């Protein structure tokens, strides 16, 4: 074992095959890269271990927080966030073993069926997370721009219907990965095998077409849609709230004053900020893969020339899955309290005596206005707020 590790570190060149989206590998692009120093391997291994631990524990906390809290389950946004956490958790759990094997230059050590199933679930989880981000964006857009329609368009039944469409669409889109992934011996001298995607006819051309369609459908188009919709939401929310404060002082039949209305608006702003940052983190995390894809199209012979940059790019893609729970903790007091309650119960010696108090009521306001519908059309920021 020690001899193998020594040979791995001392070798001047390694033959590796890279993965653009951590889900499919191009067979025909065999490249020679410089081996990394032991210190770099150790550092990247520790970095990935931290990211993996944070991602797995964090997403489990998000799922438990919503499942075990009636109040959190009442938010349609939280249902979508839970779906996103499930997708991120699957990406972390299935992606970690392969990254570790890749870093140690061990290749794929399982059979072909495991290769197909692993890659298929990994890819569909990635697609599902993108579609969930779009759904969150649309839900916030309707809730803020069209608040009167939100109770009809974004009710629980419709959100469940959306969730029921996200995964079948992801499963269908991921079918090429399932059918064309296989285990292939790519280096006879070392006996290293990789789980690779290999199209039967003209593999280079079909691989390029497949990756191009994937990038457009699940990266560039979602990015454009979300940037546009969040720009409209931000303009309406932040400029509209300032106008509301300058012009109106209202009370509803429960006596909720402008001060509480202001708190409700701030809560809504917090939700939008959180989701916008989540979108930015996602696309920044996967942008290096898109850059490498473009480079591969332009100069196929010079693709992935540096081991350290390659592995760092693969690790950075997983930052997104680990970052979302941290963002929820920063921007949402309800999630912070849920996480704290769960951790207290887990650490307590007498959990049966603990009472979980998920979320606080002082940041969630359901204001029912008595003003006319015309007033509501001009001051939609005062509509019912459901904070995550």
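Sequential numbering from 1, following the chain as shown.
Every residue gets a Cβ built from N, Cα and C, even glycine.
Features of the protein shown, as given by TrEMBL:
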DOMAIN    58-328  domain 'G-protein coupled receptors family 1 profile'
TRANSMEM  40-68  transmembrane segment
TRANSMEM  80-100  transmembrane segment
TRANSMEM  120-138  transmembrane segment
TRANSMEM  159-180  transmembrane segment
TRANSMEM  208-233  transmembrane segment
TRANSMEM  307-331  transmembrane segment
Worksheet item: Would the transmembrane segment (208-233) count as touching the transmembrane segment (40-68), if touching means at least three Cβ pairs under 8 Å and pairs must be 6 or more apart in sequence?
Response: no
Worksheet item: Looking only at the domain 'G-protein coupled receptors family 1 profile' (58-328), what is the mean pLDDT?
Response: 82
